[in-house]
Amino acid sequence: MEGALIARDRVGVQDFVLLDSHTSEAAFLNNLRKRYQENLIYTYIGTLLVSVNPYKELDIYTVTQMQLYRGVNFFELPPHLYAIADNAYRVMCSEYNNHFILISGESGAGKTEASKKILQYYAVTCPTTEQLQVVRDRLLLSNPVLEAFGNAKTLRNDNSSRFGKYMDIQFDFKGAPVGGHILSYLIEKSRVVHQNHGERNFHIFYQLLEGGEKDLLCWLGLERNPQKYAYLVQGRCAKVFSINDKNDWKIVRKAFSIIDFTEKDLEHLFGIVASVLHLGNIQFEEDSNGHAIIRNGTQIKWISKVLSPLNVDLAFYARDAVAKAIYGRTFTWLVNKINGSLANKDSTRKTVIGLLDIYGFEVLDTNSFEQFCINYCNEKLQQLLIEMTLKAEQEEYEMEGIEWEPIPYFNNKIICDLVEQKHKGIISILDEECLRPGEATDLSFLEKLEEKVGDHAHFVTRKLADQKTRKSIDWVDFRLLHYAGEVTYCAVGFLEKNNDLLYRNLKEVLCNSKNGIVRDCFLLSELDSRRRPETVATQFKNSLMSLIEILMSKEPSYIRCIKPNENKEPGKFDDCLIRHQVKYLGLMEHLRVRRAGFAYRRKYEHFLRRYKSLCPATWPHWHGPAAEGVERLIKHIGYKPEEYKLGRTKIFIRFPKTLFATEDAFEIRKHLLVSRLQAKYKGRLGKRDYQKKRKAAIKLEACWRGVLARKEAKKRTWAVQIIRKFIQGFINRKKPLCPENVEFVRLVQYKYLMKLRDHIPRNVLDKSWLQPPSILEEISEMLQKMCIRNLVRKYCRGVTPERKVQLQQKAVTSAIFRGKKEGYQQSINLPFADTRLSISTSNLGDGIVVMHVPEDNKQKGDVILQCEHIFEMVTKLCMLANKQNLVKVVKGSLRFRIGSGKEGTMVFTVGPEPHVFKAKDGQLTVVRPHQGTGSLVLAFPSDAQPLWESLRKHPWKRVVSVKRLLNRNLKETQFVFNLLTPFSHPRCQTRQSLDEKQFLVTRNGKEPAG
């Protein structure tokens, strides 16, 4: 706890005793607010725990947290519910005495949840066996059953306990839970028949309707709609979104099976619950004689079915009284039934830890008899708390040998006496008024109070009040000045609620019921007793006295629960509401008592162990008694005599500021010590690491040298064997394959193949091949053939149809010219064009054909032919060139090239006789010829030998003879074609210049002159 003081400015102090302004309510609230805003919902006042409801789930109730607080000193860890539970358990086990934990607070402050968490803590952390597991489950599951029948939604809480509960958990000598016992106090029976606006009846009614099986509801005569039952709709909130009645019903049914309820018990129990609902629906009407009658007897039928022999005549009486009596006594039976399942049959002595979940101080807009009893209970518990706290303080002082200084405090015994004193107290006056003959009313009770206790300082009525106070008190009200403040009670209904009696004939009916639970609750012996039953207030006072006796015999622990706001909003801190609760929970009074002496006390051993580093004499080890060490320590720190006292086993520090200064000095010292420790530790770690690495390095080096030596020896052995095999294989290399040479041969093969892989020919023209060893000649030859075939196949697959034609042409060219003509070798790499021939002719019958020389040959002119059989010649030229679109037929004229880039124009016309001549404009004019016999003379350039050879070899059918003439003067070659068909024109001759070529036409086959 001391370690958390460093952050006190941000999160407050963990113990209110350490507040400087311990008497300031503002300082108290400010500390509570700081912690609440940091989700620190628990704070100590000494050993008392203050708990603020967070209204949200916090991750502080896990099994890990339970184990963290298990067996730990009370102040070692931050405040927690588990610390209270564990401290009570440890002290019980070590000192073998009984304890109780008192949980109190306003409705909605978290009392029920706190008791559940404590039960869960004991269930997880205590030793157990399979047999004890059953007891533990029953202890845990008794809560859902009691909550279903004893809790209800109120304006302040959706799961408000409407009864007080004290549960004893029994432990054996090993500390294992072996049984339990439950006491209940003042169940709010009036809620069965009446609820304020915004409130509900007890949970069990809604759970039965919402989750009950269809057959069960049918047997009970119930419908699922709660709006149909008068006892369930008075608060106008039968459905609540935050409550899952159907799911809660399943939990309750499961709990019944584990707590050992029989089917018969459940049948009778649910029958009673249904009967109460049916009772509420009975409506009375006045007949002509002024008597009450029931027009509709449907509900009476269902009630009689369950509570037989309750008939129609007897069902007319005191409906609400019967409903309250049945439900109240059934709840008592339920508690007894649970106690029977929790009872431990072993007679050995047990130690117990009691959990008291009691209603907190209540101040409502209208306070009635129930609030009077609840607040009286809180007065008694506050008196017990102060007395036991003072007693514990005084005992501790005496045990430590420190002089006890009387502590002034408000003793609320005067208020308790006002309520409970015999013959003079309010309860006695109330009983007297209920029992006296004559007609007693609530007003007569109020008058009797004014008469007997009117002079009491803590009692006020309108009649007794001063002028200022009288305005806030009604004529039927009285006001008590409780320890927590003033509470005004409305006296209306006090007598009726205190009596709570049934007519004798109704009791007779209930005593004879066939329902086993009702029969057990209403015994026939009550009918024989002539003694008047005790009133409710007296019963409550007696049970409270019994409870106080039980608590006085045990060691106490306290938990005070606070509700932070009315709207159940997480993080909202309502100062006004919390200030009110702090007041009526008596927290400031308790703090003042705790701080009246010394704010802080610790055993010498714990104090010295924490702060010994602040004194050189005690650091790092103190070898003497702890008390002497603490004395040396505080003298070195500089404590003043009025700031502390030394007891027999503890040091007592009076002022929180003294402890804060010590803690701050320790925090500074701690950082210095941590720095030194870190330096020393790092040095030690470094040295240890170095030694470890050095040792490991030496070992690794030795091992590695051994590994290398063994590897080297193995390698040498292997090398010797390989060399030996290689030599032996080399000697026997020419022998057939045998064990002596197989490895050598394989090695030679492998090396040759690996070398050959990098020297394989890349194309079919590459004839190189790696020279093989003698033993691989045959294989090498086979591989070479395969390689060539593969190259050829790859080459052939890559040849396109166009390329194939080129190769065929090249093959023909090779056959013709290879070795015969110069320039052939240079032409091999030059591809042949698809065709270099283009033919033009006119659309007239003149026999002129122009063979166009390609444009790349600019030194040559086009070839002009004149032939009588022009169709045959052109067709065969097209077939030779394999091109049908080779011929262009023109009209009128065509252009042709003469040579050296010059062009000429040939004009075609029709004349009386065939004629070719050059016109004055330089154009070559061709006149259509007539048919006749003659010869065709073609003049070509002197280098046109290839064409001549081709024409000569061609089988012209109409050519009689072909002669070749060389005109040296004109440097041209003339080809004379003697044709079978004669010319029809007289002999004529036409010659052009050399540049335009020369055309000679003769008749009768004679050569032309020149």
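One is the number of the first residue shown, and numbering goes on along the chain from there.
Note that Cβ sites are derived from N, Cα and C of the backbone, with glycine treated the same way.
Any TrEMBL annotation is an automated prediction that lacks curation.
The ATP binding site annotation in TrEMBL covers Gly105, Glu106, Ser107, Gly108, Ala109, Gly110, Lys111, Thr112. The local packing around Gly105 (ATP binding site), expressed as other Cβ atoms within 10 Å of its Cβ over all shown chains, amounts to 26.
On the 0 to 100 pLDDT scale, the domain 'Myosin motor' (12-667) averages 83 in this prediction. For 12-667, the entry in TrEMBL reads domain 'Myosin motor'.
For 749-930, the entry in TrEMBL reads domain 'TH1'.
Residues 32, 36, 47-55, 81, 84, 87-88, 91-92, 97-111, 114, 156, 166, 183, 185, 352, 354, 356, 360, 376-377, 380, 384-385, 388, 572-574, 577-578, 581-582, 585, 587 of the same chain, all 6+ positions outside the region 'Actin-binding' (544-566), place their C-beta atoms under 8 angstroms from a C-beta of that stretch. Annotation source TrEMBL lists region 'Actin-binding' at 544-566.
Taking DSSP states H, G and I as helix and E and B as strand, the region 'Actin-binding' (544-566) has 9 helix, 8 strand, 6 coil. Counting every protein chain shown, the Cβ of Thr112 (ATP binding site) has 22 other Cβ atoms within 10 Å. Less than 8 angstroms from the CB of Gly110 (ATP binding site) sit Ser51, Asn53, Cys561, Lys563, each of them six or more residues away in the same chain. All protein chains shown were included, and the count of other CB atoms within 10 Å of the CB of Ser107 (ATP binding site) stands at 20.
Sequence-distant neighbours of Gly108 (ATP binding site) (same chain, 6+ apart, CB under 8 A from its CB) are Asn53, Thr154, Arg156, Asn157, Ser160, Lys563, Lys568. For the recorded ATP site, residues Gly105, Glu106, Ser107, Gly108, Ala109, Gly110, Lys111, Thr112 set the reference point as the centre of their Cβ atoms, and the other residues of that chain within 8 Å of it by Cβ are Asn53, Asn157, Ser160, Gly360, Cys561, Lys563.
Neighbour density for Ala109 (ATP binding site): within 10 A of its CB lie 24 other CB atoms from the protein chains shown. Proximity of Lys111 (ATP binding site) to non-local residues of its own chain (separation of 6 or more, Cβ distance below 8 Å) is seen for Ile103, Ser104, Gly105, Ser161, Asp357, Ile358, Gly360, Cys561, given in sequence order. Using a 10 Å radius centred on the Cβ of Glu106 (ATP binding site) and all shown protein chains, the other Cβ atoms total 24.
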